[in-house]
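Taken from Swiss-Prot as is:
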TRANSMEM  9-29  transmembrane segment
TRANSMEM  45-65  transmembrane segment
TRANSMEM  71-91  transmembrane segment
TRANSMEM  100-120  transmembrane segment
ACT_SITE  Asp126  active site
TRANSMEM  135-155  transmembrane segment
ACT_SITE  Asp144  active site
Amino acid sequence: MAKTLSKPASGALAPWLGISLIVILFDQLSKIAILKTFAYGAQHALTSFFSLVLVYNRGAAFGFLSTASGWQRWAFTALGIGATLVICFLLRRHGQQRLFSLSLALILGGALGNVIDRLVYGHVIDFLDFHVGGWHFPAFNLADSAITVGAVLLVYDELRRVRGSR
C-alpha cells in the first residue's frame, strides 16, 4: 500500500494564532474602554500602589525614543510586522512544542496589539500604572503584559530544554 504524504503536525498554526487573537481582542477592548472612560493624563487610584491612567507612548518599552521626531512610529510598526513573520514561521515549524509555541503566541498577540495602536492612533495606548512611594514604573498595557509573560515563558522553556539535554 502506498503511503500518502501529509503535512506534519508541527504545522498546526490555528491554535497558536487563536491564542494571539484572544490577546489582541482583550488588549484592544481594554484600550477602547480606557479611551472612552478616561481623560488623557487623569489618574484614577485603585489601590495605594496601582492606578489607571491614560497615556500615549510614541516610543517603545519604557518610553524609549518617545521624544523622537516621528520616524519611530513606522520603525516600530515595521519591527512588529517583521516579528510577526518570524514568529509565524517559528510557530509553523515548532507548533508541537507547546510551551515554546504558547510563549510565541503571547508575544505575537502583544506585538500585533501595539502595532494596531501605532497604525490606528499613531501611538500606543498605555493605562496600567504601578507605583510605590517615590518609585514609579512606566505605564503599560495588556499587550505589553502578554509580551513580557511570553518572554519569561520563552526563557523558562529554553532553560528547561538546556537542563534536560544534560
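Just so you know, the numbers here start at 1 and follow the chain as drawn.
Here the Cβ of each residue, glycine as well, is placed from N, Cα and C on the backbone.
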Asp126 (active site) versus Asp144 (active site) - Cα distance in angstrom: 9
For the transmembrane segment (135-155), sequence-distant contacts whose Cβ falls under 8 Å of one of its Cβ atoms, 6 or more beyond its ends: 23-24, 26-27, 30-31, 53, 55, 57, 61-63, 99-100, 102-114, 117, 124-129
Surrounding residues of the transmembrane segment (100-120) on its own chain - C-beta under 8 Å, 6+ positions past either end: 16-17, 19-24, 27-28, 31, 73, 76-77, 80-81, 83-84, 87-88, 90-91, 94, 141-154, 157
Secondary structure of Asp144 (active site) (DSSP, helix/strand/coil): helix
